[in-house]
Amino acid sequence: MSKTNQYSKIGIRPIIDGRLGGVRESLEDTTMNMAKNVAKFFMEELRYPDGSPVECIISDSCIGGVKEAADCAQKFKRENVGVSLSVTPCWCYGTETMDMDPLIPKAIWGFNGTERPGAVYLAATLAGHNQKGLPSFGIYGRDVQEMGDENIPKDVQNKLLGFAKAGLAVSLMREKSYLAIGTVSMGIAGSEIQSDFFQSYLGMRNEFVDSSEVMRRIKHGIYDKEEFQKALTWTKENCAEGKDFNKEDKQRSREQKDKDWEFVVKMTLIIRDLMEGNPKLAKMGYGEEALGHNAIVSGFQGQRQWTDFLPNGDFSEAILNSSFDWNGIRKPYIVATENDSLNGISMLFNHLLTNTAQIFADVRTYWSPEAVVEVTGWKPEGEAKNGFIHLINSGSATLDGTGRQTSKGKPAMKPFWEISEEEKKDCLDVTTWYPANVGYFRGGGYSSNFLTNGGMPVTMCRLNLTKGLGPTLQIAEGWTINLPEKVYTILDERTDRTWPTTWFVPNVTGEGAFTDVYSVMNNWGSNHGAISYGHIGHDLITLAAMLRIPVNMHNVDDSKIFRPTAWNSFGMDREGSDYRACENYGPIYGKR
Ligand SMILES: C[C@H](O)[C@@H](O)[C@@H](O)C(=O)CO
Ligand SMILES: [Mn+2]
């Protein structure tokens, strides 16, 4: 792997009382062991998006004062540290030892012993962080432990993981690109790329290519021809074509449809190459194209200039977003349909926190129980009894979203390294590729259709921009549900039967935006949502705080919310203090 592609590491800073002549010496082993222990814990628990274990770097020595703090900072720079955790079992000198790097998410774990005052250091140093405008997370276990106890209590583990996952997400997206292929799709504001937001809040760059670049590569054969043959064969074997629902006089000929298959497979290779590059292209004499755009996420405009006369991006988007293709089971690429960059970033947040593939969907319809009875004659019951939301869009929903993988016997969407060949096959088998609705997509193509299995815990999020306020994040945890088949058929056929459907019921609280299922739909900030496996709202909240993005709507239990300690200075009402803190600090990369 080339140097620029190396993932950033977690840096661990063992902090010690600097008084030599007895005190420091008595603490050296305990302190360094605390660092080693936590590094081991992270390496066992956390993985990078490619499945490799997260790497940790420990300061060469314990840090008792500013010289050792500076040496550690140098080492962290050399080693590409993106997240920093200070650990200590004792009293040490706060501002003399603290991590002063303003760009790196940071936390301190102050050991709850009592022989030595680790918690006093924690409080003193957090006060220093607050005073100096360098927000830090504080981790303090609930129960007193024996000095030298190497066991990390569960509450501390949860905070360590929450902090590290979000911190890694911050560092993994930094210096990467969002690649826009095309421009604004059908007046969707999210596809009007706001590069200042990307630069200031995410540390990301925006790359832009005209859709004609995809056409040029198809015309000039700028893709790996061998891979294309392999991909086409695989597609024919694994992607079943569905019935053509277009009016007969509008249907594309068999010959045209066969050509469309070739076209969409080529598009898939090309969009991937545009994102990440491909050394094979250099061998073909296309050195510039071989480099790609360093994109961790992309968006394809499609509608309308492209889809009005060429096959749509649905196949490419769906396959790239999935955890498998003709090369086997692999890391999903994150691709937003309609070039909705704000939903692309929402997918990226979810993906970096979970390493799983993402569903991109229109938040299309709230079905009230009354409307369902009216239309189908069936009275919703059980999990559907208060109504449900229809998530459906052509294009970017991952095929993992079929819910045909399992975890502990229940439907799931897993990191790619946990997916079996059989599970991959099931996801493909329950997906049908219908000839695109030519009313919408005059140039044809193939849309993926599947029905998401019920019973999956999921979180839908969405980043929105509001003029005068800036970005905000909304989060709804809930479940996918099953409906009786006849009900599904009636509701589905009333919409777009060639697209994938997910029935979603958010967890309601009876208050505010979560008063009921209707109010969640009614409070959604745009036409799209990014849906991840798992209840990850708390991790999204931590990530948003690190990025200084306030959360305007969520249904996460208060006890799970973990933000930098400085947020407490902004008041007891958590939503208000989040807004005030984010405004006070402003975007991390804003002044750079
Ligand atoms: C085909 C249609 O234009 C859809 O793409 C449209 O409903 C959307 O997805 C809007 O976000
Ligand atoms: Mn859409």
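Cβ coordinates are placed from backbone N, Cα and C, and glycine is handled just like the others.
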Which of these, Asp314, Asp362, Asp557, does TrEMBL list as part of the Mn(2+) site with Glu338, His528?
Asp362
With the cut-off set at 10 Å between Cβ atoms, which of these binding-site residues ends up with the most neighbours? Options: Glu338, Asp362.
Glu338
Averaged over the whole of the domain 'L-fucose isomerase N-terminal-2' (176-355), what is the pLDDT?
98
